[in-house]
Amino acid sequence: MENSEGVKIESTVVTEEPLISALDIALFVVIITVAYFWYFKRDKQSSSSEKKPYTIQPSSLSSIEQTSNSPFIKKLKSTGRSLVVFYGSQTGTAEEFAGRIAKEGARYKMKGMVADPEECDMADLVEMKEIQKSLAIFCIATYGEGDPTDNAMDFYEWLQSGDADLEGLNYAVFGLGNKTYEHYNEIAIYIDQRLEELGATRVHEIGLGDDDANIEDDFVSWKEKLWESVCSHYGIEETGEESNIRQYKLVDCSEVLPERIFSGEISRLKSYENQRFPSDVKNPYLSKIAVNRELHKSGDRSCMHIEFDIDGSKMRYDTGDHVAVYPKNSSELVDKIGELLNADLDAVFSLLNTDEESSKKHPFPCPCTYRTALTYYLDITSNPRTHIMKELIEYASDPKDQEKLKLMASSTPEGKKEFHEWILRDNRNIVHILEDLPSVKPDLDHLCELLPRLQCRYYSISSSPKVYPKSIHITAVLVNYTTSTNRVNKGVATNLLAQLIPTNDELPQPTIPIYSRRSQFRLPPKSQTPIIMIGPGTGLAPFRGFIQERDYARKEGREIGEMVLYFGCRKKDEDFIYENELQEYVANGTLTKLHLAFSRDQPEKKYVTHLLEQNADELWNIIGEKSGHLYVCGDARSMAKDVHSIIVKVVMEKGQMTNSQALNYVKKMEQQKRYSADVWS
């Protein structure tokens, strides 16, 4: 007979004696024991392989190495490395910068590695002093309202609560932030100061990158001065080697069986065919599109109301949370790259790390086809950074193209200006560069190594789980614009979503990978607490969920507080989204007041900020006299800043405070989560 693993087990057959002998019993017990042990061991191995599938970080990478669960300090010592670059990254940029620093370390006789603080015991930093001429660099992004990124949270909390002696640790910090946000680079600044307080030695002053301006320029300028400080601190000299070292080598996988080839999965092979729970950043849920309808009534712009079906997914979300959507690049752009490089996009390949010590074997799921890599894994629509310009130089056969790339890759004022104008201002992506510099023909596998990872897109959830427990709603404006070179650039996620229209027949419904992410944007614990919501345009999205939740409470017979909404759009008859819903909430008493600003329905433009200034008494009554909550959602660059200024002014005037007192009052509101913002730039 055979057991469940296909292992043959011989059984003893008794033919002459009616009773089983002791020997027979002993043999039977041995056989059963062996079979059970064999089955249990195989089952355990199988379970282990299921729990630890091939995984990758879903972000842009050019890393020297990613640490595994083994102590990073042990890996540094065993591999003769002295440089470790930690990253706190939410979108992949900090991780990319970390990789570039680690790679350049070789030019200064400092062999480097990249490390994710979430996967390291950061208490081991105390042992860095045992490594000669060691250096720890931190590329740290500030996320949300002055929060650490998800993967840096534990490290941040360790620094806050710990009192480790870090004397002998040499360090430098580069922060990634955005000046349109109030808490600009707050986490990087804290880490830089805290490390010094714990006894560490700052080798180079902190760098503050501004993503609202040119964070690439900020990073390159800081990095150049960093290495000058490193050379001075350690008494070393640059080797002068400028050669571009490949981090991954090409492996032909044409003989790999089809079932072993990735076809767009984020992490685990065949994960969309065999869904597992819970869903998260590495394991998204393949959701059906239940509803996709246009919200704008007229005009040349589009705003979509989309509902993701999560019935049976075990996904949970709270009102105010975000949903991540995993997009894919358009086939038109992917085909264009294949055409420009005369490449077979259906060839199956793998990129294998040249560093055998690295726990990160591939830059994205491998093996796969080039078409899959360019469609699902690589960002081909954003502006490439200067290090890509540098790597493309060797592939330019025309001296003019070569010189242009050299100029843009340089850190000279002329080079920075050219990069800013030709790449950033004209909004060129890698496809445009290959089109406009026709002699540049990089090897496709090298291009796949260079390009950053395609990121998921986050949207504020515009529904309440109390009302819609089996679906997640979003409100998304279709991104579509013409550049100065007369090219039409399209938003990767929104243009994909626009095509996913559910049908009314028996055909399979369109699907897209998603997962929900927690937010600090929350309704007050008590439903009686009054609130003010300020959300022009798609900033209305989370407030739709807030109103639904309060309406649900009202229908249950619970007392609800005042709900005041400030909403603005261009024209009432064009882009007043969810108009009927909002008017119904006003009629049934859930929405106490609805203040509307239609900026282009009259000669002089009218915005929600104008309405706020006009309603100072109402604002103070809720946030001052009744200790209510105030929420802002939308554009961080201008609207959110203007709202903040108006609130401070109202507090000064109606609360009879000085400017300093009013600022402190608003600051206290923020600390108490009575003033919350969910904004983007």
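Every residue, even glycine, has its Cβ placed from backbone N, Cα and C.
According to TrEMBL, the transmembrane segment annotation covers 20-39. Sequence annotations record features per position, and here TrEMBL assigns domain 'Flavodoxin-like' to 83-227. The FMN binding site annotation in TrEMBL covers 89-94, 141-144, 176-185, ASP211. Look at TrEMBL and you will find 282-524 tagged as domain 'FAD-binding FR-type'. According to TrEMBL, the feature NADP(+) binding site maps to ARG301, THR538, SER599, ARG600, LYS605, LYS606, TYR607, VAL608, THR609, ASP642. The annotation FAD binding site is assigned in TrEMBL to ARG457, TYR458, TYR459, SER460, THR475, ALA476, VAL477, TYR481, GLY491, VAL492, ALA493, THR494, TRP680.
Over all protein chains present, the Cβ of SER89 (FMN binding site) has 25 other Cβ atoms lying within 10 Å. The number of other CB atoms found within 10 A of the CB of TYR181 (FMN binding site), across every protein chain shown, is 24. Cα distances from ARG457 (FAD binding site) to the binding-site residues ALA141, LYS605, TYR607, THR609 are smallest for ALA141.
Confidence across the domain 'Flavodoxin-like' (83-227), taken as the mean pLDDT and rounded to a whole number, stands at 93. The distance from the Cα of ASN178 (FMN binding site) to the Cα of ALA493 (FAD binding site) comes to 23 Å. Checked against ALA493 (FAD binding site) by C-alpha proximity, the binding-site residues SER89, ALA141, LYS605, TYR607, THR609 yield SER89 as the nearest. Comparing the binding-site residues TYR459, TRP680 on other C-beta atoms within 10 angstroms of each C-beta gives the minimum for TRP680. Within the group of binding-site residues (ASN178, THR475), the Cβ with the highest number of other Cβ atoms inside 10 Å belongs to THR475. Using a 10 Å radius centred on the Cβ of GLY144 (FMN binding site) and all shown protein chains, the other Cβ atoms total 17. Take the CB of ALA141 (FMN binding site) and look out to 10 A: across all protein chains shown you find 30 other CB atoms.
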